[in-house]
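Undergrad: Got a structure for you, written out below as structure tokens; questions coming shortly.
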Protein chains: 4
Amino acid sequence: MRESCNFSSKNINQDKQGSADLNLTQAEFNEDKMSEECGVFGVFNADGESSAAELSYLGLIALQHRGQESAGICSNHNGDFNLHKGMGLVESVFEEKDMESLKGEMAIGHVRYSTSGSSKLSNAQPILINSIKGDLALAHNGNLANGAELRNNLEQNGSIFHSTLDTEVIAHLVARSFEDNIVEALVQSLHQLKGAFSLVAMTEDKLIAIRDPRGFRPLSLGKVDNTYVVASESCAFDVIGAEFIRDVAPGEVIVIDQDGIKSRRYTGENGTSLCVFEYIYFARPDSNIAGQNVLLARKEMGKQLAREMDVEADIVVPVPDSGIAAALGFAEESGIPYAQGILRNRYMGRTFIQPTQEIRDLKVRLKLSPIKEIIKDKKVILIDDSIVRGTTSKQIIGRIKEAGAREVHMAISSPPVEHPCYFGLDTSRRQELIASRNTEEEIGESIGADSLHYLSQAGMLKSIKTDVELGFCTACFDGDYPVDSRYLSEEE
Amino acid sequence: MRESCNFSSKNINQDKQGSADLNLTQAEFNEDKMSEECGVFGVFNADGESSAAELSYLGLIALQHRGQESAGICSNHNGDFNLHKGMGLVESVFEEKDMESLKGEMAIGHVRYSTSGSSKLSNAQPILINSIKGDLALAHNGNLANGAELRNNLEQNGSIFHSTLDTEVIAHLVARSFEDNIVEALVQSLHQLKGAFSLVAMTEDKLIAIRDPRGFRPLSLGKVDNTYVVASESCAFDVIGAEFIRDVAPGEVIVIDQDGIKSRRYTGENGTSLCVFEYIYFARPDSNIAGQNVLLARKEMGKQLAREMDVEADIVVPVPDSGIAAALGFAEESGIPYAQGILRNRYMGRTFIQPTQEIRDLKVRLKLSPIKEIIKDKKVILIDDSIVRGTTSKQIIGRIKEAGAREVHMAISSPPVEHPCYFGLDTSRRQELIASRNTEEEIGESIGADSLHYLSQAGMLKSIKTDVELGFCTACFDGDYPVDSRYLSEEE
Amino acid sequence: MRESCNFSSKNINQDKQGSADLNLTQAEFNEDKMSEECGVFGVFNADGESSAAELSYLGLIALQHRGQESAGICSNHNGDFNLHKGMGLVESVFEEKDMESLKGEMAIGHVRYSTSGSSKLSNAQPILINSIKGDLALAHNGNLANGAELRNNLEQNGSIFHSTLDTEVIAHLVARSFEDNIVEALVQSLHQLKGAFSLVAMTEDKLIAIRDPRGFRPLSLGKVDNTYVVASESCAFDVIGAEFIRDVAPGEVIVIDQDGIKSRRYTGENGTSLCVFEYIYFARPDSNIAGQNVLLARKEMGKQLAREMDVEADIVVPVPDSGIAAALGFAEESGIPYAQGILRNRYMGRTFIQPTQEIRDLKVRLKLSPIKEIIKDKKVILIDDSIVRGTTSKQIIGRIKEAGAREVHMAISSPPVEHPCYFGLDTSRRQELIASRNTEEEIGESIGADSLHYLSQAGMLKSIKTDVELGFCTACFDGDYPVDSRYLSEEE
Amino acid sequence: MRESCNFSSKNINQDKQGSADLNLTQAEFNEDKMSEECGVFGVFNADGESSAAELSYLGLIALQHRGQESAGICSNHNGDFNLHKGMGLVESVFEEKDMESLKGEMAIGHVRYSTSGSSKLSNAQPILINSIKGDLALAHNGNLANGAELRNNLEQNGSIFHSTLDTEVIAHLVARSFEDNIVEALVQSLHQLKGAFSLVAMTEDKLIAIRDPRGFRPLSLGKVDNTYVVASESCAFDVIGAEFIRDVAPGEVIVIDQDGIKSRRYTGENGTSLCVFEYIYFARPDSNIAGQNVLLARKEMGKQLAREMDVEADIVVPVPDSGIAAALGFAEESGIPYAQGILRNRYMGRTFIQPTQEIRDLKVRLKLSPIKEIIKDKKVILIDDSIVRGTTSKQIIGRIKEAGAREVHMAISSPPVEHPCYFGLDTSRRQELIASRNTEEEIGESIGADSLHYLSQAGMLKSIKTDVELGFCTACFDGDYPVDSRYLSEEE
């Protein structure tokens, strides 16, 4: 059992930036958004011919949009575990020599997104524990509603924690279980967990995939030749040439070993709460969740938005990249021409050095460039997928007006985000939800739009066509939380 | 006079990759393209209030698409020069402490794109020489047709070279000049240069901008408050809030010092040869060159392509990002719906580790994902801006067909590239130009397209509307080189 | 509570070397020796005016001879703990920015020596735990005889370990204690420990120093102005201008807080077992232990050796640096001239690259150079402090003979090491003790000496004059272990 | 031809230290000394069986005492040159991968010591030039008296310099020579050089060793099997098992190629000026120069000092390590007992972090520890090899008195250093020579000694017994410079 870690230089720069303006410095997809997401990946390679860590590495690159703060892979060769993790992007965390050390026919991997407060290597995943029941590696996407309570109980009884991860809470429950069999100890511990968890675990000879009873976060099963793979999103299968088999079901435990796949339901709980934001923003456009392609859902939301809105305009302009799919749908439905009125600079990372001299709206200026020749003298419908704090929207609209737009009508392809999320949200930002304390008109005014339009909740839900009937978690829009309200505290 | 340098860790990984498949691992905009480009930037800050290096840093980020191999800035504070350069992207080359050392009211900067053969720190720019005539810093975009000849002469006479840069050739000509005044020595040396050069130079108290007599490469002048800026493209002005003043004219020498701007023409040569590929691919869409916005030129090429073509299809799909503008134009003109049938993974850098196990078309697979739900059973018109080697096109078409496309018709928004470029091309790749040794039909067949279409040269030129009448260099399409043929050798 | 870590580049090279010949590549003082040692340091700064971490940094440099594998400091500012540790020497582990982050008026530090098997960052100290009873930082020198047994019990009850450190065993005992007060919980846990431990601990407002009942390892208390310091050896006081107050007594618990110093004995156990090897080899020559200066003890052992030996020779030559003090004593007593016949290369670190081509005895050759002009045709008495495996001795004697010595008589200023040590030894090396399976004659022959002489055990003990009467642990010489034999297993 | 470079992390820390008190932070042997030294090494391996770079690496480790600022090796495999150099010690500059890239049967290497002003990578050696006459690598120990004049001439004629190295001056002279043959061009250029140079050069197929006509710096020739080696000092031969053949003679050019060794004298100049400080301080004790072992010369100087002095004392204590040899000689001659009264901390490097809080004489305190038990109440004769600025001497004497010495009589085993050195000295320190502006009594008073004694110049010269009659350069003692006085300017 060997652990290694490294800090990429990216990380060091990142530290210097501080947290004050984190929203604007998050990497591409997650910018100015509200959730703490992660991506998990697992491989069980029945014929032992290929390297499980290499497949994980590729899978994590495909899942990179779910977390850019840290990355890790734990491999397993005949029960010999090797773990490497570090701060930064997958490509910078893993060097050739790291991959060489990650031998074995099984592996699990993780990419993590987080707020800066808890941004440190000890919070990188997977975590690896060496218990008397055997070695166990765990990687987890989600947020336990009762994580703090469980941690407190465990500490009262003498458990020592080395991270602030919910994943470590699960590890201690397993270590404390009276079950000697590590798989049974893991399943037993699930009964104590409340909230969102899509979990991939690895023992000496088994790969285990678990999804919480309400199925908050996606988790899928795939296969290539004799190799089983598990991933947060189906887009990770494509890259390694694997076929999508099916979603892991809410409340399901899948155990894969040399004897094949075994599945069971560990809970009698019913009723699902798939996070609707996966369709709006989190998931990658080429992923399918519950049978619905994400890009097409977004385009459909744009069409629906056009149907619900009544604005005359010359052009439909997306905020790149988050508004592109909806803008194309909007343009198609409304007949108003689509125009690339804003260019995104692909080379703007998160680590650039803030100059000492003041340049107004510098970050937005570096990243987004309105094209005057397209914008000038036009009535613009500006499309984005959501507004969280409103800061970026305000700066973009400002720059479009500077470029000569006659009117800017902001259209959002989801409803107003009024409530905090307890299943993946950084709750410290609750007060920052502009829609939680302002009317639509106030928001429109504060961001400088000539008018502001949101997609209705019914319209949004109608745009998503899953292959089975599903309940969604829409709590951030309507405050209707699918867990016991006593866990819904922001005090943690 | 202080020099420092650093290798970012990016660079180290990059080295490991070798050069065999460089085309496919180039960063975003330059991928699978044929030219060796660079970006230059210069600042003269008349009131001394802001940091010239900081403005250069921001300007270079905006010019990053012109070169991702190395970056450098040389600052000047009352004649005290400081130079920092390194391998990698601007953001990773410059750390806080580097910026702090780059004090001063003047600065020039450079980003470099190159082939792997000459990829080393000694080839990073700006270069800084300490001659008896005074200190001189030089940054250069272009390619001297007679660089090898000049270098040979200089070495015969005892000059020692430390790089393979044309810029160093210019430096030695200046050092050897009988002119004592360093500005005059520089102007004098220009008469010996044949080929493309957009040059920014800095002496103890002057910033100098020079464009070769034929104006192969763009170079623009801007201003913010009392600060003059010079940049390869106008997009770099916007980011620092500067206004575009005018293009530097072919054959013009601009000298900026405390007394203001002085301009002169140093040559009687007439007739311009602006590189048409700047509009097709090199320049950033939000830049204007000779009064023509680049994005709109590309969209117009797409429209013109639609007019010239006669194919029935269900959807128009761009290769992201290079084909998007033309595809939107094509769709608009043809009435065939535009569709985001291919997704680009923004997190795929150039340094990922190639797995030992073989995965077919892995790089394209990691970077470009066809969306089955959109592609399936469709007749697709696939749009890109150019084909150089054809390798990537073949892989993309393969993946689109895998995703279920009924037909794939490839449409290119420029003519076939049949001839090597001597003003920015890596000549070692001449034999790799698929169009130089194959008919259109053969190319179409080899890349697996059901049909292949190129924009006509006349159609291309018609799509570009400059504000003054200009001659273009179209040598890569028609072999009509605007310099003496004795320099057109590939032997170098 | 913040943790950071770093691997110095030293460490990376070191890893490459593998463990096969670790004995010969250990740093200066510890070379070819038999023990796993550590150094601890603690500061309580009553007036809050100076930085406790800086004093620790200087103290650890003075204690560096006790461990070169890893170093760490945990600081405490009003209960806010910061920990930084890394692989390598103190100077390379701590950079300016690390020191800046280690704010506070209290700190503890640690340097660690270890065998390569467990050489990893997770085994660096201090360790910092965040228990329900409060934060606790621990740094430990010694070896628990019942560490494995305690760990096993704790794991059976659900504790999860992250290192192979005895220190972590103590931490879990504290966390599991029914005592709520963390100091009492720590004292309570001491009763379960068997073996050697000199322990420095830090709570939110207290610095604690503990020495095991038999006092195997040294631990001293000092003071500078209003600042109390605790250190493994008195040499660490001098460097910060502190005065030695007294040794911490065996079985003593010292608690320092704003109210001053409190002392208690936590055990009724009697009889001490101070490790005699501290005088022979471990401790720094300028340290005093139990009132006896270490250098003078070594010189006296050399004198005594001269009294016990009967060899005629031309010169007395020490193996530098370990044999110098004894050789000077030997020469003084015997009247045979002392000569610097072997030079030590101070620039030979542990990380040099082994050439692919074979060079005989390369490491010894790089580090030790006989001076032919001194050695040639001489009868040499070669002095060293001990022989463990015999490999280095053999190589040195070989090189001295090569240099022309007529005879080489090896004289060792301690008795033969025949038995493993369980209180600091790497037991995996037991079979490597050349004296455990060979007679003196056989050893002499195998190392190529013309004769071999050891100091008698009585002679050794007579050379050490402590200020109070003390029992010594001489188990490695005579097998007389001062703990219950059931712990003396090599199976661990 | 490939160049690479790296900054070790050591270097980065070092830079932070600034130059203010450089004398005290130099590494072991060179501390508080006055000269800018270097070490050179060369290998010509006739049978091609071993790696020339590996032998160079080992040789440079043996020569490390001559320079710790930077290190470099240039290898040559059938005319293909590879160069790697970096800041820091040999061990940290060369990693495994660097060594792997340095293929070939020939190599030259260099270690450099320098003052901080010019401490940068561009001044590391060897330097490698690619001239029209062929590739040439150069490594140089010494100082050209007319370096500035030559450089000025060359710049006037258009040469561009990239370093402040005399070695680059030689390179430009070679490049400008009308001789086409590169060896002849090199020999021709020697006639223009005034001052000290021991030079190792490498062309495509030849290794060349050159010593200036007056033989200021040592240079020796050795052999192992069919491999010829050249080194600054003979100690470098021993480590690779090579035999010393002979010194390179003053004014000799040795050319080694497949046809064997050829020697010639290139100058008619007569009279040698071997630097006497090589025996006093620079060279390694196990080296022989002109047949005289360095350690024995130092011991003899100590004996001679005892003969010349008349002081009663209890013990003779050396400043470690520089005074040890002389102190042993002094004790032997005078009959006053030798005592290790000061211990040197081997772990004190040059990069430690200066604490913000003030600790008096911290650096000396960390590095040198008086042992009270030995010093107390004694009349001490303190021996060192030289005094340059006096700062360290003052601090050491202060600490010895603090430790209780009754009297401290400082005895120096060389005459007072009153004059600057132009063949290796950092002339900027001229004003720092305490003996250039103070009488012996004033010096003694200022360093706090009860008396101060220097060895006479005649006594010093008598102590050195070379195998041929030699003239020495004693200019630093008597101002008698062996070159034309017009070069003896400090203005450079």
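Just so you know, glycine gets a Cβ as well, placed from its N, Cα and C.
In TrEMBL, annotation is done automatically, which means it is predicted and not curated.
These came from TrEMBL, pasted as-is:
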ACT_SITE  A:CYS38  active site, nucleophile
BINDING   A:CYS275, A:CYS421, A:CYS473, A:CYS476  [4Fe-4S] cluster binding site
BINDING   A:SER322, A:ASP384, A:ASP385  Mg(2+) binding site
DOMAIN    A:38-259  domain 'Glutamine amidotransferase type-2'
Undergrad: What three-state class does DSSP give A:CYS476 ([4Fe-4S] cluster binding site)?
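TA: Once the DSSP labels are grouped into three classes, A:CYS476 ([4Fe-4S] cluster binding site) ends up as helix.
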Undergrad: Three states by DSSP: which one describes A:ASP385 (Mg(2+) binding site)?
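TA: SS state of A:ASP385 (Mg(2+) binding site) = coil.
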Undergrad: Round to a whole number and give the Cα-to-Cα distance in Å for the pair A:CYS473 ([4Fe-4S] cluster binding site) and A:ASP385 (Mg(2+) binding site).
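TA: Cα to Cα, A:CYS473 ([4Fe-4S] cluster binding site) and A:ASP385 (Mg(2+) binding site) are separated by 17 Å.
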Undergrad: List the other residues in this chain whose Cβ sits within 8 Å of the Cβ centroid of the Mg(2+) site residues A:SER322, A:ASP384, A:ASP385, in sequence order.
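TA: The surrounding set, listed in chain order, is A:TYR281, A:PRO318, A:VAL319, A:GLY323, A:ALA326, A:ILE383, A:SER386, A:ILE412, A:SER413.
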Undergrad: In whole Å, how far does the CA atom of A:CYS421 ([4Fe-4S] cluster binding site) lie from that of A:ASP384 (Mg(2+) binding site)?
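TA: Distance between the two Cα atoms comes out at 20 Å.
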Undergrad: If one looks at the chain holding the residue listed as 'active site, nucleophile', which residues at least 6 apart in sequence have a CB under 8 angstroms from its CB?
TA: A:ARG66, A:GLY67, A:HIS110, A:VAL111, A:ARG112, A:TYR113, A:GLN125, A:HIS140, A:ASN141, A:GLY142, A:SER232
Undergrad: What is the total of other Cβ atoms whose distance to the Cβ of A:SER322 (Mg(2+) binding site) is within 10 Å?
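TA: For A:SER322 (Mg(2+) binding site), the 10 Å Cβ neighbour count is 24.
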Undergrad: Name the secondary structure element type, per DSSP in three states, that contains A:CYS275 ([4Fe-4S] cluster binding site).
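TA: For A:CYS275 ([4Fe-4S] cluster binding site) - judged by DSSP and reduced to three states - the answer is strand.
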Undergrad: How many whole Å apart are the CA atoms of A:CYS476 ([4Fe-4S] cluster binding site) and A:SER322 (Mg(2+) binding site)?
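TA: With distance taken Cα to Cα, A:SER322 (Mg(2+) binding site) is 19 Å from A:CYS476 ([4Fe-4S] cluster binding site).
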Undergrad: Are there residues of the same chain, six or more positions away from A:ASP385 (Mg(2+) binding site), whose CB falls under 8 angstroms from its CB, and which are they?
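TA: Spatial neighbours, sequence-distant, of A:ASP385 (Mg(2+) binding site): A:ILE280, A:TYR281, A:ARG298, A:MET301, A:SER322, A:GLY323, A:ALA326, A:ILE412, A:SER413, A:SER414.
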Undergrad: Considering the binding-site residues A:CYS275, A:CYS421, A:CYS473, A:CYS476, which residue's Cβ sits among the greatest number of other Cβ atoms within 10 Å?
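TA: Of the binding-site residues A:CYS275, A:CYS421, A:CYS473, A:CYS476, the highest Cβ count within 10 Å belongs to A:CYS476.
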Undergrad: Using a 10 Å radius around its CB, how many other CB atoms surround A:ASP384 (Mg(2+) binding site)?
TA: 23
Undergrad: Three states by DSSP: which one describes the residue listed as 'active site, nucleophile'?
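TA: Once the DSSP labels are grouped into three classes, the residue listed as 'active site, nucleophile' ends up as strand.
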Undergrad: Across the domain 'Glutamine amidotransferase type-2' (A:38-259), what is the average pLDDT of the model, as a whole number?
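TA: On average, pLDDT over the domain 'Glutamine amidotransferase type-2' (A:38-259) sits at 92.
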Undergrad: To the nearest Å, how far is the Cα of A:ASP384 (Mg(2+) binding site) from the Cα of A:CYS275 ([4Fe-4S] cluster binding site)?
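TA: For A:ASP384 (Mg(2+) binding site) versus A:CYS275 ([4Fe-4S] cluster binding site), the Cα atoms are 19 Å apart.
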